[in-house]
There are 2 protein chains.
Amino acid sequence: MRVLGVDPGLTRCGIGVVEGVAGRPLTMIGVGVVRTPADADLGRRLVAVEQGVEQWLDEHRPEFVAVERVFSQHNVRTVMGTAQASAVAILCASRRGIPVALHTPSEVKAAVTGSGRADKAQVGAMVTRLLRLAAPPKPADAADALALAICHIWRAPAQNRLQQAVARHAAGAPMTPMTPMTPKGRTA
Amino acid sequence: MRVLGVDPGLTRCGIGVVEGVAGRPLTMIGVGVVRTPADADLGRRLVAVEQGVEQWLDEHRPEFVAVERVFSQHNVRTVMGTAQASAVAILCASRRGIPVALHTPSEVKAAVTGSGRADKAQVGAMVTRLLRLAAPPKPADAADALALAICHIWRAPAQNRLQQAVARHAAGAPMTPMTPMTPKGRTA
């Protein structure tokens, strides 16, 4: 199973690709960060995130995409950017019929370290060990993306297969997206 | 100036197209709602919003897109969906090199009613009057999208022209003079 993990963000969007199955050693296929300039306008940044994610999907052809679930308890400005970057990543995967799973930060931490309250250093250390890397991936967003992918591989393999089948079916059948109203009734 | 307003949402994404210039009577070109089923997964919903927005952009070719600026002070679940739907709308416009402006709800209310704290009924009534409609557009999301477009037309026309030039340049599209407004091309 090949999973592309996304730690969403506008300034740094971490991406990590991991291959393997639960109970066997895992392999890192790729890791990196999509960056967009903080002084660019929001539209340009979202387009850059889309282009970056598309390149990763093209190159690595994952069977699943795992994205960090965003909560709004944090800083208002940051969380909006994170939610918007995550929307772009989810959109890119869903357009291709790749099933998307959302995992909370504590689910990811618990999966790779055994504790939902582990700190970044601990997550980085475990990602390094589990993927048999020489050093922890930098920046932390890249390590977090790998942790998301590992988390996804380890959670509910049977459920993943079902979700994959559903997503493939759904990708072939677009929903009716628009309810147009004609401007009849105008008086002028 | 033709502006497409977007009141973002996953369940109902209001869209309204208005043409005109500040100081002259405005014309509604189209109004509607992109809906996605609440029981579909997030990825499918974002793809449906993208398809809906793309259809509106294809059909109406706006020179500007105005999107409601999302704040996170509201309900956590709702605000995340709103932020994600807005990201898709901003992405669709920016990919085409259409400049995107964000207006806060109070800016929009103040523009069309004179008060930043006007209620939905007041906004609907003023939209109806300003566009010379027989009745307020339903649902409220559709009226809000029209109000966004009106707000944008009335705010800083000179700034709009500058922003349009920058967005075209940034998108890699050839720099062309602002499209002169002609009555043809309207669908209404």
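Just so you know, glycine gets a Cβ as well, placed from its N, Cα and C.
Because the structure is a prediction, the values reported are computed rather than measured.
Quick look at what TrEMBL annotates:
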ACT_SITE  A:Asp7  active site
BINDING   A:Asp7, A:Asp141  Mg(2+) 1 binding site
ACT_SITE  A:Glu68  active site
BINDING   A:Glu68  Mg(2+) 2 binding site
ACT_SITE  A:Asp141  active site
How far is it from A:Asp141 (Mg(2+) 1 binding site) to A:Glu68 (active site), counting Cα to Cα, in Å? 11
Does A:Glu68 (active site) have same-chain partners at least 6 apart in sequence with Cβ under 8 Å from its own Cβ, and which are they? A:Val6, A:Asp7, A:Pro8, A:Ser86, A:Leu102, A:His103, A:Thr104, A:Pro105, A:Val108, A:Asp144, A:Leu148
Within 10 Å of the Cβ of A:Asp141 (Mg(2+) 1 binding site), how many other Cβ atoms are there? 25
CB neighbours within 10 A of A:Asp7 (active site), counting all protein chains shown, number 29
